[in-house]
Amino acid sequence: MRVRGATILAPVALLALAACTNEARTLGPSLPQTAPAGNADPRVPAYQANLYQVAQGGRYFMWYGCSGCHDDSARGAANLSDGRWRRGGGFADVYRAIARHRPAPAYEATVPVEQLWQLTAYVRDLPAHHPEKRRRVTLDQEGEPQGSQWSGPQ
Amino acid sequence: MKPDPSLLEQLDRTWRDPPGLWGFLTTVDHKRIAARYIVTALLLMFLAGMLALDMRWQLSVPENTRMTPQLFNESFSLHGSTMLFLVSVPLMEAMAFWLVPLMLGARNMAFPRLGAFSFWLYFGGVLTLWVAHAIDITPDLGWFEYPPLSGPAYSPGHRADIWAQMITFTEVAALAASVNVAATILKMRPPGMTLARMPVFLWAMLIASIMTMFSMPAVMLVTSMLIADRLVSTQFFSVAAGGDAVLFQHLFWFFGHPEVYIIFVPATGFVSSIVETFSRRVLYGHSVLVLAILSIGALAFGLWVHHMFAVGLPRLGNDFYTAASMAIAVPAGLQIFCWLATIGTGRTWFPTPMLWILGFVATFVIGGLSGVMTASAALDLQLTDTYFIVAHLHYVLIGGAIFPLFGAFCYWYPKATGRLMSERWGKVAFVLIVGGFNLGFFPMHLLGLEGMPRRVYTYPAHMGWDMLNQIATAGSAIAVTGGLVFAANALCSYWRGKPSGADPWGGSTLEWATASPPPAYNIPFTPRVDSLTPMWNGGAPLPALDGIAIDTREVLVSSVTDAQPLYRQKSAGPSIWPLVAALAVSAMFIASIFTPWAIPIGALPIGAALTGWFWPNRPRAKIGALEAAP
């Protein structure tokens with residue numbers, strides 16, 4: 001057992017060094033209370049590189065009705081998964097494009113700050129998503145109050 | 001029959017492993033494989049027990065901040081998954097691996113290399129879950145991960161995949177082990193041990209193995225469907241696309257309920273062996289015990305819905321499962337009374353293994369009674385997802401399976417090591433564990449009735465749950481202390497214990513016929529059996545059957561019902577291929593978490609490993625039916 005342990009521990013140690021924090025889940029009070037200070041804001045990786053935060057952004061993307069226009073068949077600027085960003089692809093750039101959305105509404109008036117962070121992380125992650133996976137996720141979330149189906153607080 | 005020293009020497013040359021590391025990696029000795037299983041599972045029991053203690057610490061006072069909700073979720077998921085999939089079931093299989101050939105007077109299992117493969121694959125499952133935990137990808141949805149919560153939408157990342165794939169590992173390992181145990185019991189019995197003269201222990205292991213074969217495929221299927229939903233976006237559990245989320249629960253519990261009995265039935269085997277030996281009489285109602293185990297095995301497949309009463313299935317269906325669940329109290333009660341009758345009418349003495357049996361009877365009966373309560377669909381709606389369930393499941397699993405297992409550990413420890421465990425420290429551990437356990441878990445019944453939900457990381461101060469929670473925490477701390485005493489006793493006795501000799505307890509079955517610890521070839525000769533208790537023959541030497549080769553690995557194969565000797569069978573020797581095959585399978589399982597291409601590509605090394613494994617090792621036949629064409 002001891003010898004086998006050593007052969008196994010080596011790759012494990014390597015893995016641990018490269019420890020993936022992208023699975024981390026912090027449930028608690030929201031961290032950011034303000035908009036990102038720039039594309040290099042130190043708070044960005046906690047959202048952009050975290051699978052849970054990105055997935056939460058995906059839920060809000062439907063709750064707030066974003067998916068109404070920005071679906072898979074959207075063209076031009078409305079297509080968010082083609083990797084081209086009309087107003088810049090940095091975190092703060094995309095955040096601003098959502099917060100001061102044109103055409104109206106400007107979502108900073110209705111969406112809490114942390115959810116805007118999560119939405120931004122999701123939108124910037126979209127080019128990496130497979131369409132069939134996105135459709136599958138949408139199917140599971142169909143029962144949630146989203147876009148025009150929302151009927152007020154429960 | 002007194003064996004000749006030169007015969008023993010020849011047998012040892014034939015059956016011993018190569019020395020050193022190579023021998024360690026290639027061994028097919030069922031005793032070494034089983035010992036690995038047991039040591040690994042006991043270490044995991046310790047780790048998962050520490051998780052439990054940590055959770056009790058968190059719950060000892062209201063609004064404690066020892067754990068975040070996420071850490072609590074991860075802790076109970078890891079605790080449950082480890083205890084159910086990596087500790088209980090493998091431990092029972094390991095006991096079968098260790099004891100079945102000895103109790104049959106056989107030299108090895110029916111499929112020696114499959115046994116080695118089973119362990120390596122199980123070890124792969126252990127590493128999958130615990131290495132993932134070390135790098136913070138711990139499953140966090142409990143020991144059954146229902147979709148849609150575990151589906152692609154609500155469980156991003158790989159936490160749920162790790163859980164699902166760990167199950168695939170352990171279930172393939174369990175199937176391999178069960179096939180092996182069942183084939184060994186059915187086809188390798190010594191002459192004279194007809195089905196009617198088979199000890200209850202062997203019946204229990206046979207029935208548990210067959211149950212494993214029928215139930216495990218359901219959970220492998222369902223976790224594979226979950227992985228497919230998550231990896232390649234299939235829609236098995238997507239309600240909006242015509243899938244069915246409840247399907248997961250049905251398939252999971254179609255495995256999950258029999259699993260409880262796959263853990264409990266071997267324990268009834270331990271109890272029967274221990275009770276018989278220490279009561280100094282043949283078990284009261286041998287046939288009743290066997291039939292009770294058989295009917296538990298059959299009923300176990302017909303009551304999985306009692307885990308799902310709150311799902312909203314049709315009322316009539318729920319009633320049926322209520323009836324089936326309550327029916328299982330009948331065979332379980334018959335067993336208990338048979339054991340009590342044996343104890344009451346024998347010349348009984350009470351060393352540590354027997355104390356564990358008393359602890360088992362008391363605790364398991366309480367667990368059984370709360371089981372009858374939760375079996376009622378109407379009452380279950382009130383009790384489900386409360387601490388009442390936590391109390392019930394620990395009473396039946398720890399009281400019904402782990403206490404007998406501890407008893408079995410003390411009972412067969414001298415056989416495995418050649419030394420006796422300390423009786424005094426054994427009694428201390430017994431009192432601490434059984435007392436601490438009851439102190440820790442009994443208050444949970446009341447907490448559940450008072451409405452405390454399970455799987456909550458904390459609770460507010462004014463609920464009136466503080467005192468009972470503190471008692472529960474104190475109880476679990478005492479039980480863990482007892483566990484440490486037990487482990488220390490086992491470790492110290494390994495070096496310092498009193499030498500036990502071959503048969504310290506005056507046991508009734510064949511494993512006591514050989515030396516302690518048993519040599520690589522198990523027993524010098526094939527015994528002939530003419531009663532249920534072959535060792536209780538008034539001290540006469542066991543009659544033996546000769547004619548099995550000693551210069552090559554050979555075993556006796558006999559007929560299923562009458563155990564008539566049929567033919568001599570070559571038994572596979574040490575081989576590296578089981579380990580290679582397990583590594584190839586592990587690589588494929590792990591990679592398939594990340595990409596579907598792992599399955600076709602990963603099949604190639606598996607095919608190569610199996611080719612090496614089954615490479616013919618004798619020349620082609622020149623005569624007879626298998627004659628090679630020129």
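Any Cβ shown, glycine's included, is placed from N, Cα and C.
Automated prediction, rather than curation, is the source of TrEMBL annotations.
Owing to the predicted nature of the structure, the values given are computational and were not obtained by experimental measurement.
Under the heading domain 'Cytochrome oxidase subunit I profile', TrEMBL lists B:21-530.
The transmembrane segment annotation in TrEMBL covers B:34-53 (among others).
Per TrEMBL, the feature transmembrane segment maps to B:83-104 (among others).
For the transmembrane segment (B:116-135), the list of distant contacts is 26-28, 33, 36-37, 40, 44, 47, 74, 78, 81-82, 85-86, 90, 93, 158, 162-163, 165-170, 172-174, 176-177, 180, 575, 578-579, 581-583, 585-586, 589-590: same-chain residues at least six beyond its ends, Cβ to Cβ under 8 Å. The transmembrane segment annotation in TrEMBL covers B:116-135 (among others).
As annotated by TrEMBL, transmembrane segment applies to B:162-188 (among others).
Annotation comment: TrEMBL describes B:200-227 (among others) as transmembrane segment.
The transmembrane segment annotation in TrEMBL covers B:247-271 (among others).
Per TrEMBL, the feature transmembrane segment maps to B:283-305 (among others).
Sequence-remote contacts of a segment are chain residues at least 6 beyond its ends whose Cβ falls under 8 Å from one of its Cβ atoms, and for the transmembrane segment (B:355-379) they are 267, 271, 274-275, 303, 306, 309, 315, 318-319, 321-322, 325-326, 329, 332-333, 336, 339-340, 343, 388-389, 391-392, 394-396, 398-400, 403-404, 406-407, 410, 426-427, 430, 433-434, 437-438, 442, 445. Per TrEMBL, transmembrane segment is recorded for B:355-379 (among others).
For B:391-413 (among others), the entry in TrEMBL reads transmembrane segment.
The transmembrane segment feature in TrEMBL is assigned to B:425-447 (among others).
TrEMBL lists B:467-491 (among others) with the feature transmembrane segment.
The annotation transmembrane segment is assigned in TrEMBL to B:575-591 (among others).
Sequence-distant contacts of the transmembrane segment (B:575-591), counting only residues of its own chain at least 6 positions beyond either end whose CB sits under 8 Å from a CB of the stretch, comprise 25-26, 28, 113-114, 116-117, 120-121, 123-124, 128, 165, 168-169, 172, 598-599, 602-603, 605-606, 608-610, 612-613.
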